[in-house]
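Trainee: Sharing the feature lines straight out of Swiss-Prot:
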DISULFID  CYS43-CYS57  disulfide bond
DISULFID  CYS50-CYS61  disulfide bond
DISULFID  CYS56-CYS68  disulfide bond
REGION    19-40  region 'Disordered'
SIGNAL    1-17  signal peptide
Amino acid sequence: VLIIAVLFLTACQLTTAETSSRGKQKHRALRSTDKDSRMTKRCTPAGDACDATTKCCIPFCNLATKKCQVPTFP
């Protein structure tokens, strides 16, 4: 009887662990998709408003005018 009880408890633990890991895997997939959507964020075109956190399509955000601009060299 004791052996049967030990086997039953072991089986319950394995089943619970398997179910829990599936739930976590779904959670990871959602997190991964969210990260991918943040990485594919579009850039702000030249002439549009920007700030220190804006990703301009061109490499420069003029914080004085708050517009995405191409840098001018003298």
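Positions of Cβ are set from backbone N, Cα and C atoms, glycine also.
The structure displayed is predicted, hence computed values, not measured ones.
Locate each feature and note its surroundings.
Mentor: Look at CYS57 (disulfide bond): DSSP puts it in coil.
Under a cutoff of 8 A between CB atoms, and with a sequence separation of 6+ in the same chain, the neighbours of CYS50 (disulfide bond) are THR44, CYS56, CYS61, ASN62, LYS66, LYS67, CYS68.
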Trainee: Ten-angstrom check, please: count other Cβ atoms within 10 Å of the Cβ of CYS57 (disulfide bond), all chains counted.
Mentor: 11
Trainee: Counting other Cβ atoms within 10 Å of each Cβ, which of the disulfide-bonded residues CYS43, CYS56, CYS61, CYS68 scores lowest?
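Mentor: The disulfide-bonded residues CYS43, CYS56, CYS61, CYS68 were compared, and CYS43 has the fewest Cβ atoms within 10 Å.
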